[in-house]
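Here the structure comes first, spelled out in structure tokens, and everything after it is commentary.
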Amino acid sequence: MRGATRVSIMLLLVTVSDCAVITGACERDVQCGAGTCCAISLWLRGLRMCTPLGREGEECHPGSHKVPFFRKRKHHTCPCLPNLLCSRFPDGRYRCSMDLKNINF
């Protein structure tokens, strides 16, 4: 009976509260795991979240290429994965692509 009362109170608190728990929130890259960086959220202004490094075809920013970056990032995208390059495409956008200079033909 006590357990049921506790669960009821917890559910009541969850439904009444005006907050959310955000996992993956960060301030700097060193707080994120391998293969991620601390980028600005597109949805919540002022929030930074651990975000995966850019894969081939994903948007990137040419000035954002260091991981870890020891200050606060100013972009919503992470640098590309180590084997990729942030390249400008004909449509004017920057995307992660293969570094053709390092391929042996």
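Backbone N, Cα and C atoms are what each Cβ position is placed from, and that goes for glycine too.
Residues or ranges marked as signal peptide by Swiss-Prot: 1-19. Taken from Swiss-Prot, the feature disulfide bond covers Cys26-Cys38, Cys32-Cys50, Cys37-Cys78, Cys60-Cys86, Cys80-Cys96, and the record attributes it to similarity to another entry.
Nearest by CA distance to Cys32 (disulfide bond), out of the disulfide-bonded residues Cys26, Cys60, Cys78, Cys80, Cys86, is Cys26. Spatial neighbours are here defined as Cα atoms within 10 angstroms of one another, and by that definition the neighbours of Cys78 (disulfide bond) among the disulfide-bonded residues Cys26, Cys38, Cys50, Cys60 are Cys38, Cys50, Cys60. Candidates Cys26, Cys37, Cys38, Cys50 (disulfide-bonded residues) were compared with Cys60 (disulfide bond); none lies inside 10 Å Cα-Cα.
Distance between Cα atoms for Cys50 (disulfide bond) and Cys80 (disulfide bond): 14 Å, as a whole number.
Cβ contacts within 10 Å of Cys32 (disulfide bond), excluding its own Cβ and spanning all protein chains shown: 21.
Proximity to Cys96 (disulfide bond), defined by a C-alpha to C-alpha distance within 10 angstroms, is shown by the following disulfide-bonded residues from Cys26, Cys38, Cys86: Cys86. Between the alpha carbons (Cα) of Cys38 (disulfide bond) and Cys80 (disulfide bond) lies a span of roughly 13 Å. Within 10 Å of the Cβ of Cys26 (disulfide bond) there are 19 other Cβ atoms, across all protein chains.
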